[in-house]
């Protein structure tokens with residue numbers, strides 16, 4: 001689509017299903033930071049990487065040690081590595097370009113979600129959220145784990161590094177995530193609280209209570225780190241605005257904590273929490289009161305999207321950040337299990353229960369008048385009367401304005417323009433955006449068949465097809481081979497290499513050939529007389545006279 005003629009007044013959100021991807025039974029998805037590659041975890045334990053520009057498979061990460069379903073996939077900051085969590089309680093770190101496993105560890109609980117540390121290009125730390133245990137920081141190189149506190153009473157009795165408590169925490173959290181640069185962890189627990197945790201000191205720094213006290217099912221930051229989204233069990237999606245700076249947020253919290261030294265315990269953590277997060281918006285369906293599945297932000301943070309958790313329907317709700325519902329996308333009658341928004345373009349990707357990936361894109365319409373106010377679209381021909389000076393070189397009614405362009409200014413043709421969707425800190429020359437195309441080898445059976453067919457054709461061309469025992473109509477042997485080409489009888493006439501197309505005679509021709517075969521050919525009277533006279537002339541020239549002269 002030509003970008004200059006797209007109406008800018010149209011909303012930048014998807015509207016229709018553009019395409020779908022199919023490869024096995026896919027369970028979860030994740031875009032890389034630029035949106036050029038899409039990773040999908042399958043039910044057989046493999047991870048498929050799609051080239052989102054060509055919609056083809058760029059790489060397939062096959063793990064022979066894992067046959068269980070993938071529960072989550074996560075890209076590293078610069079796209080060189082992928083972290084895969086599976087239902088067999090394993091965490092596997094892959095090198096994307098080489099397709100090799102870097103590390104693999106096994107936890108005591110099944111990780112429902114795992115996220116790599118966003119502050120490093122080659123991270124070794126990850127945040128895992130097990131099924132029935134507290135979230136933990138996992139060192140993928142050493143295999144050590146650190147349980148994070150899930151409520152205020154657990155802050156003093158948190159497990160030490162490298163050990164996992166035998167008992168289940170009293171308040172099992174359902175979600176956790178890093179902030180933009182990974183110096184803090186935000187945890188949602190079953191009491192309806194958001195905990196801000198310093199994972200290095202294993203200490204709760206702030207606490208923000210959620211109205212209603214419902215269990216937090218999902219928690220995720222926007223791309224720019226300015227907003228935090230929570231999905232609670234009370235069927236409400238809440239947006240919080242972060243009051244902390246993206247960088248050095250922990251130092252800022254330490255300064256705030258000094259202001260509330262007069263308070264103790266939970267009151268102090270709540271007071272610090274008011275300086276960290278503030279409620280911005282709430283989204284819910286007040287009519288159907290449905291639960292939400294996999295809510296997230298758009299790439300620029302201007303839109304909020306959430307899928308319906310109802311069985312048998314594939315509905316996606318899109319709100320603007322002001323809280324208004326702008327679009328409801330209705331797909332096939334298949335339950336939705338995962339959802340993701342493209343980091344740059346207005347594209348939403350959803351995963352159905354059957355394992356298909358649906359790509360939702362915008363239905364663009366061209367509107368020229370949106371960019372040229374003087375342009376008028378005509379539905380039918382109209383008569384136009386031109387002005388007298390319309391085609392003059394220097395019209396008096398309208399003076400041509402000279403463009404404000406400095407012709408002496410040097411044009412930079414070396415440096416690349418920075419994408420407005422990415423900040424300066426996101427720029428990296430070592431980022432992996434695309435994977436080299438690897439041609440798929442042909443199946444061995446097909447190769448064998450092709451070799452057999454080609455060898456037979458070569459033998460037939462060299463030796464010729466076997467002649468039939470029956471004689472043809474013209475006294476020559478006929479070739480009953482399937483090939484329509486036949487070698488000439490006299491190879492000298494054609495250089496020994498030319499061929500002619502074999503034609504089937506018509507019925508009329510066959511009848512004429514049959515009549516000629518029955519009746520012997522007789523020369524005409526003029527021809528016999530000519531031959532007799534020529535014979536007599538030949539005898540006279542030899543000096544002999546036969547009976548022919550006497551007959552005459």
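Glycine too: its Cβ is placed from the backbone N, Cα and C atoms.
Noted in TrEMBL for the protein shown:
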- 26-60: repeat 'WD' (REPEAT)
- 68-104: repeat 'WD' (REPEAT)
- 216-241: repeat 'WD' (REPEAT)
- 386-395: compositional bias 'Acidic residues' (COMPBIAS)
- 386-408: region 'Disordered' (REGION)
- 458-552: region 'Disordered' (REGION)
- 535-544: compositional bias 'Polar residues' (COMPBIAS)
- Task: Please indicate, using numbers and ranges, the residues of the same chain that are 6 or more beyond the repeat 'WD' (26-60) and have a C-beta under 8 Å from a C-beta there.
- Result: 19, 66-75, 77-79, 82, 84, 86, 88, 94, 96, 99, 299, 337-338, 340, 342-345, 349, 351, 355-357, 359, 422, 426, 431-435, 437-438
- Mean per-residue pLDDT in the repeat 'WD' (68-104) works out to 96
- Where DSSP helix means H, G or I and strand means E or B, what are the helix, strand and coil counts for the repeat 'WD' (216-241)? 0 helix, 17 strand, 9 coil
- Note on the structure: DSSP tally for the repeat 'WD' (68-104), helix/strand/coil in that order, comes to 0 helix, 23 strand, 14 coil
- What are the DSSP helix/strand/coil residue counts across the compositional bias 'Acidic residues' (386-395)? 0 helix, 0 strand, 10 coil
